[in-house]
């Protein structure tokens, strides 16, 4: 087995009440001015003020950038960077789901390294550590609060840039399920399927290790048991907490084993049409699993067993097929759209989408490597 590296934030706070603990632990850190990166909903709902008040109690001032939209853009990064500089912020707090986390990562990275966001597209392109970042999570899915992945939309090229860089790994991650109770069903479903995709892609990645395998399988098990409950009753705290742990486990898996064609393709859909990332993943997942099954059927069956399917006595091919069907059934049961047509994607755009997907960093570790025609066919199979 080749050598491997395991990336994770220095400190990871989990469970009810972990938000207050994490911010109290900043006492004595020397930080004076925080930039809180969030979105308008988090600000209007009072969660940004809650965090700002907790910071103030520790003697830390804060400025707020709440202009992050789903699929954060280069423009958003520049806007946040200006506020950071104007307020002499010495560290960054991201508050929300994947979009605020990714935007904050890019702000923190460019703040210390200079240049433009696009300079860091690819793997480990930065020279210096980013500004310290605390990522406070309010969704259970992206795991961006604890990864070295940062996805920013280039509005000019209409593509999502994948920045995979150890220097954007947050210093502290916070997963307090009390902050996740307010997630609507649609967001719970989309982010939960994103987490399941992380588990599947990490487990079948060419860079998988025994550590990432263990994380991926446990994540799949917990998601299968708790996602629908969390969707049906958002106030079910055991389900919310289980999903918080599950998405974190899936994050540990893909942060170190990387991903595959589902994400490489979903990034293009999100960047080109401004579609929700988790929904794109959910629609594409069964199609890419079917494509990969010719080389990793046994691994797909393993995930199915972890999800609680009675398939241990089946052959690898049959077990993989049953697992893929279970994924389809779960997605349908929580209201995920059936195909790309329902998302508004267009078949005539597929050649361009496929070309960009093959250049995405996430494509490198897919277990089955395809050419332009095969990836086009994969996209078309999802219509």
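Here the Cβ of each residue, glycine as well, is placed from N, Cα and C on the backbone.
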Further NAD(+) ligand in Swiss-Prot, beside 39, 71, 98, 99, 138, 139, 147, 149, 179, 182, 183, 267, 277, within candidate set 82, 85, 160: 160
Do me a favour and check the Cα-Cα span between residue 39 (NAD(+) binding site) and residue 198 (Fe(2+) binding site); whole Å is fine. 24
Where residue 198 (Fe(2+) binding site) and residue 98 (NAD(+) binding site) are concerned, what is their Cα separation in Å, rounded? 14
At the level of the C-alpha atoms, what whole-angstrom distance separates residue 182 (NAD(+) binding site) and residue 194 (Fe(2+) binding site)? 18
Within 10 Å of each Cβ, count the other Cβ atoms, then let me know which of the binding-site residues 98, 182 comes out lowest. 182
For the recorded Fe(2+) site formed by 194, 198, 263, 277, which further same-chain residues have Cβ atoms within 8 Å of the site's Cβ center? 141, 142, 195, 197, 259, 262, 266, 278, 281
Rounded to an integer, what is the Cα-Cα distance in Å between residue 194 (Fe(2+) binding site) and residue 160 (NAD(+) binding site)? 16
